[in-house]
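**Q** The disulfide bond annotation in Swiss-Prot covers CYS4-CYS44, CYS6-CYS34, CYS27-CYS45, and the record cites similarity to another entry as its basis.
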Amino acid sequence: GVSCLCDSDGPSVSGNTLSGIIWLAGCPSGWHNCKAHGPNIGWCCKK
């Protein structure tokens, strides 16, 4: 999957660990949306 920046990772993509994965059809079971204002396409989810 494509990594994405969770709210808990910090304010900027540069220099922070991207702990989320972008899911196009919503977060799968057992995952949660980790970005309040998430990517333009899909959802930024993490386990």
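Heads up, the Cβ atoms here are built off N, Cα and C, so glycines get one too.
I'm curious about the neighbourhood of these features; can you describe it?
**A** In this structure, CYS4 (disulfide bond) is part of a beta strand by DSSP. There are 22 other Cβ atoms within 10 Å of the Cβ belonging to CYS4 (disulfide bond).
Within the same chain, residues at least six positions away from CYS6 (disulfide bond) with a Cβ under 8 Å of its Cβ are LEU18, SER19, GLY20, CYS34, LYS35, CYS44, LYS46.
Under DSSP, CYS45 (disulfide bond) is assigned to a strand (E or B) in the three-state scheme.
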**Q** Find, for the listed disulfide-bonded residues CYS27, CYS34, CYS44, CYS45, the residue with the lowest Cβ contact count at a 10 Å cut-off, counting only other Cβ atoms.
**A** CYS27
**Q** To the nearest Å, how far is the Cα of CYS4 (disulfide bond) from the Cα of CYS45 (disulfide bond)?
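**A** Roughly 8 Å, rounded to the nearest whole number.
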